[in-house]
Amino acid sequence: MKTGESTAIDIAPETNNSGPIGKKKSTTPLLAAPVPDRGTHRMKRGLAIFDFVLRIGVLASALAAAAAMGTSEQTLPFFTQFFQFEASYDDLPTFQFFVVAMAVVAGYVVLSIPFSIVCIIRPHAAGPRVLLLILDSVALTLNTAAAGAAAAVVSLAHSGNSSTNWLAICNQFGDFCQQASGAVVGSFAAVLLFLLLILFSALSLKNSH
């Protein structure tokens, strides 16, 4: 080496596992937690609130139907020495089944309301929604069976059946038939609301995937 000559020594920058010194260490996690979409969250909460309102409607319809049928009774103002002409819901097993079935449906709806509230608080919770969907389907089946059977008897009471010599009793027991008909209408209103409940539950579960 000659005098006056300078020697340059290149020193590579020290590195570590996170990169060169002086650079900020990355803090990005390997697996980032998914952030729920706000639009989906709002829609699910809206469906849950609508579910709660529909359940109140089903409860009112089922209770009204059971009460109307359970209190349907009429006694004609004339009678003989041995007979008194009276019509009551407990004279027909179909109407008895109707009252029991609608009372069971109303009781189920009362028990399902807390789960509906849970779905409002936690819109993305799929467990309560699946449970409600299954139990709503069972309640809908029972409701439809009771409503259909009672509707057939009410129709027969209004029109009769000439082939079997069954007379139309509504010509004499008009108030009884009117009250029973109102109960059947209320039960079919509950059926319609149950269908909406199941539809919105399925829609909410679909959007969770």
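Indices start at 1 and increase along the chain as displayed.
Even glycines carry a Cβ here, placed using N, Cα and C.
Considering the side of the membrane named for each residue in Swiss-Prot, Ala126 and Leu205 coincide. Just one residue in Asn16, Asn161 has N-linked glycosylation site written against it in Swiss-Prot, and it is Asn161. Remote same-chain partners of the transmembrane segment (47-67), defined as residues 6 or more beyond its termini with a Cβ less than 8 Å from a stretch Cβ, comprise 98-99, 102-103, 105-106, 109-110, 112-113, 116-117, 119-120, 123, 132, 143, 183-184, 186-187, 189-190, 193-194, 196-197, 200-201, 203-204. Counting Cβ atoms from all protein chains shown, Asn161 (N-linked glycosylation site) has 11 others lying within 10 Å of its own Cβ. Per DSSP, the secondary structure of the topological domain 'Extracellular' (151-182) breaks down as 21 helix, 2 strand, 9 coil.
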